[in-house]
Amino acid sequence: MRPSLRHVTKSLRPARLSCRTSAAATQAIPDLQPSHHPSTRKLSTTPTRQHTPSSSSSVNETEVSHFSALASSWWDPYGPSKPLHLMNPLRHDFIQTCLSSSNPPQKTTNLRYLDVGCGGGIFAESAARLPSTASVTAIDPSPAILAVARAHARRDPSLVCGGGGSGKLVYLNETIESLALPEEAAPGEEEQRYDVVSLFEVVEHVDYPAAFLDRVGEFVRPGGWLVLSTIARTWTSWVTTNLVAEDILGVVPKGTHDWAKYVNEAELREYFAQKGGMWGTPTVRGVVYVPGLGWREVRGSEKVGNYFFGVQRVG
Amino acid sequence: MDGLFRRGGAYVCRRCTQSLQKQQRRAYSAAAQPYLYDVVCVGGGPAGLSLLTALRTNPVTAHLRVALVEAQDLAKIKSWKLPPDRFSNRCSSLTPSSALFLDQIGAWKHLERDRFQAYQEMQVWDGVTGARIEFDWAPGSAPAAGTTIAYMNENLNLTSGLLKRLEELGGVSVFDNARVERIAYGEETEELDLREWPVVHLSGGQQLSARLLVGADGANSPVRSFAGIEARGWDYNRHGVVATLELEGEGWGRGLTKIAYQRFLPTGPVAMLPLPGNYSTLVWSTTPSNASLLKSLSAKDFIAMVNAAFRLSPTDLAYMHTQESGQAEEYSWRLEHTPFDHQAVPQTVVGVQEGSIASFPLKLRHADTYVAERVALVGDAAHTIHPLAGQGLNQGQGDVQSLAKTIEYAVSHGQDIGVTMSLEPYVSERYAANHVLLGVCDKLHKLYSVGSGPLVPLRSLGLTAVNALGPLKSLLMNQAAGNGIRVF
């Protein structure tokens, strides 16, 4: 851990992190911050340990309407979602890395996935196609995007069987708060919680990530993995994802990213470490998008921009 | 080929397929529901068969439901057999990298070992100036992988071996003796939206829906036409005359080392490539009128023309092409007045196998791309090359190896193997490489088609210089042998 990084004290307190201290790449432009963005990131607000699914939600309505508007282009691999399409194989590589590092070793076949914030289903479809997958439950708060996801899945007979949901892939218009939490399995009973719970490009769109992650974590079976990808809140990421990608190049639709909501890898580490032994040591991998080449894994880049983060539930 | 049929499938949901197949059986002639496949390969030549073999051999892709469509009777090809003193006139060179790939997919051991011939040297020279390049391994320059430049092999030996391997593997739905009537897109039903899935309609009435439709269906590929992919290029106004030849001996290496010979004549290159024992195969690229004359000659006169092609001057040869017959006498007279090094040309041809003389037009074609949504092209459907470097079949094997790897990656990452995005690595790996090789062979052909003028001494200078430069020659030989140094 870099000495300059100010430590997050308690997980539920706002993390005070200056972007200036976050990455080597930002040192060339010290003391500069985008003036219209706050420099701190709340990992959560007030502690809300008890979720009443109907009354609280992690979902931000502006975010939902933004992505609903993108619904029609979600599956155009040369459209605005191209970086997501290109990133998808790396998600599987990362999950494989996590699963194979399980301690103690866990099953690697007949896996049950929960994909939270599935969008048009780029990851959910691909997970459902893997022979090692038993089922994929994919949820998203936007009905418009789910309509796109369901329509797209009908193009692949291996995903949807008979249209009655008897295939491996099930889409639900739910939030993590409204989704029924499976009961803890009694001895001898089949585990109903999930082997892999995924949050790909989701936490940066959530208002109160700590409360959100608290809830998500409950869906992971002991021994299973919570995997996510997101973007570090640094000067570099503001320049690349907001300024360049959205405003200049336009490879990402304008308004997709709210830089202030980005979550740093150290903040996530801190969050999971504070959970009283519920989670193991995180696995982190930084990736960099090179226009024309796609995504490349770059060691250490998790401090700067996009990164994968996986953590095994041990308790 | 009933033995090849498989029952279950996994990648396409088994229940869907079974229910659709039941419907198909119920209403066969009416608006039947198509069979669903992950891969439908049109064309059972070396490229198509290698692709299916690679997919069935790899545990990652072995669960894919695959189908093969072929116009010919595959049972006949599989049981193909010729006596040891007879060879098919359609032979191709297989580079060591192609041979390695065929070994990896378990097909090499199914080839008849005594019917293909490795060669270790190449002799290439300019028919006008006599400038020569000898591709032999200098002491110490031989690669660890072996000194074999390539294997000469009958195409039927390869396809027959691949079919035997596929039968051993099982799990391929084979539709042979089947003509592709048309290819159209699928339909949308309440449950499924197959409007982007190609459906192959066969002459027997069957309909095969393809997640990925592979065109291994040759230079006039119907799959390529369906995908709307243009193939551009030109005809050389040359024909390749092939024949199976019998020589006076096993070659100057007494059977221990075998040599391939190629002489560039102004009308095109003539090549003699070693087969087992005293046999060799001929590929003579020449004008269409010369080709039809060669095919019309008696065996005796044809043999004289082939011997002349490697020995006499282009002027002598041009004259002999004007004779309707009597080339044998003309040749023995002219030979007496032509000095040449016996050991620098192939041994004298003494016989030609009856019925083995044939010809085909030479052309260059390159498809604009190799993939479209749910379509991929391999082998001759993607490119047709001048045969002077013996690279045609090897390019197809390279395509197949790359496409099989691309499909493996897509399957192991949960991608739909039919979408363009999944197929793009195949195009980026193969297109430029094939294009350069097509261009190099094209330029070589054009360079040596010139009988006089300033180009002639220049090109001879080029050959002589290459011959003198050991390291460059080793590099070229490694390239020809596919030993991994990628110049192209």
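Glycine is no exception: its Cβ is also placed from the backbone N, Cα and C atoms.
S-adenosyl-L-methionine is bound by A:Arg91, A:Gly117, A:Phe200 in TrEMBL, and the record lists one more residue there from A:Asp76, A:Asp140, A:Asp156, which is A:Asp140. Each residue contributes its Cα atom, and for A:Glu201 (Mg(2+) binding site) and A:Arg91 (S-adenosyl-L-methionine binding site) these two points are 11 Å apart. Proximity of A:His205 (Mg(2+) binding site) to non-local residues of its own chain (separation of 6 or more, Cβ distance below 8 Å) is seen for A:Asn60, A:Glu63, A:Gly117, A:Asp258, A:Lys261, given in sequence order. Annotated pair A:Glu204 (Mg(2+) binding site) and A:Arg91 (S-adenosyl-L-methionine binding site), C-alpha to C-alpha distance, rounded: 17 Å. Neighbour counts of Cβ atoms within 10 Å were taken for the binding-site residues A:Asp140, A:Glu201, A:Glu204; the minimum is at A:Glu201.
DSSP gives A:Gly117 (S-adenosyl-L-methionine binding site) a coil state; it is part of no helix or strand. Applying an 8 A CB threshold to same-chain residues 6+ apart, the list for A:Phe200 (S-adenosyl-L-methionine binding site) reads A:Arg91, A:Asp115, A:Gly117, A:Phe123, A:Val227, A:Leu228, A:Ser229. A Cβ within 8 Å of the Cβ centre of A:Glu201, A:Glu204, A:His205, the residues given for Mg(2+), is found for these other residues of the same chain: A:Gly117, A:Val202, A:Val203, A:Val206, A:Thr230, A:Ile231, A:His257, A:Lys261. Residues A:Arg91, A:Gly117, A:Asp140, A:Phe200 are recorded as binding S-adenosyl-L-methionine; their most distant pair of Cα atoms lies 19 Å apart.
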